[in-house]
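Enquirer: Below you'll find the structure I mean.
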Amino acid sequence: MQPTHTLTRLTVIGKLIIASSFFLSLAVQAQQCGQTAPLINERLSYMKDVAGYKAENHLPIEDRIQEEKVINSAMAQAESLGLNGESIKPLMVAQINAAKAIQYRYRADWLSQPEPGWQPKPLDDVRANIGELSTKILEQIAEELKTCKPAEMGDKAHFINTIRQHNLTSADVEAIFSTFNQVKLK
């Protein structure tokens with residue numbers, strides 16, 4: 001009789017392990033959903049350094065050539081990740097517009113309230129970090145579109161509460177959110 005009890009216990013233990021694995025995979029998947037906003041927030045966190053570098057070197061905030069390069073690169077990367085490249089363009093434009101708005105607002109603030117002793121990071125380093133984050137953002141969006149429910153990745157309250165930067169308005173974040181929801185797979 002003992003072998004039957006042992007077999008029953010093993011069966012129960014096996015079922016518990018399978019159930020645990022299933023719920024663990026759901027928990028991991030849920031953690032991966034809705035993670036685009038923190039990456040966008042981190043990307044925008046570099047704008048003070050960009051503004052400072054440009055102010056220090058008497059460079060304009062508008063850099064159409066750089067903007068075009070960023071947009072074209074993002075569209076090509078998006079396509080390689082299984083995203084519709086055209087659908088990513090409005091999101092990139094919204095992020096660039098928000099980035100420029102942050103830079104303009106910093107420059108305006110510094111006219112009346114300079115920050116003595118603060119030094120921006122070198123622009124080449126900052127752009128490299130921004131480029132890495134842009135890639136991570138696209139990878140995350142592709143992953144979320146493939147594995148997450150729309151409500152998990154497009155939770156407006158979570159998105160808006162996550163993207164918080166000095167000199168970033170709620171209208172800037174709303175524009176990013178609305179274009180984020182337009183991104184599609186191929």
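Backbone N, Cα and C define each Cβ position, glycine as well.
Straight from Swiss-Prot, here's the annotation block:
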- 1-30: signal peptide (SIGNAL)
- 31-107: domain 'Chorismate mutase' (DOMAIN)
- C33-C148: disulfide bond (DISULFID)
- R43, K54, D63, A99, K100, A101, I102, Q103, R127: substrate binding site (BINDING)
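Quick one: where do these features end up spatially?
Expert: Within 10 Å of the C-beta of C148 (disulfide bond) we count 17 further C-beta atoms, all protein chains included. In this structure, C148 (disulfide bond) belongs to neither helix nor strand by DSSP; it is coil.
The local packing around I102 (substrate binding site), expressed as other Cβ atoms within 10 Å of its Cβ over all shown chains, amounts to 24.
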Enquirer: Distance between I102 (substrate binding site) and C148 (disulfide bond) at the Cα atoms, whole Å?
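Expert: Counting only the Cα atoms, the answer is 31 Å.
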Enquirer: Please find which two of R43, K54, D63, A99, K100, A101, I102, Q103, R127 have the most distant C-alpha atoms, given that the record lists them as binding substrate, and give only that distance in angstrom, rounded to a whole number.
Expert: 17
Enquirer: Between the Cα atoms of R127 (substrate binding site) and C33 (disulfide bond), find the distance and write it as a whole number of Å.
Expert: 26
Enquirer: What whole-number Å value do you get for the CA-CA distance of R43 (substrate binding site) and C33 (disulfide bond)?
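Expert: The separation of the Cα atoms works out to 18 Å.
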Enquirer: Between the Cα atoms of C148 (disulfide bond) and K100 (substrate binding site), find the distance and write it as a whole number of Å.
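Expert: Distance (Cα to Cα, whole Å): 31 Å.
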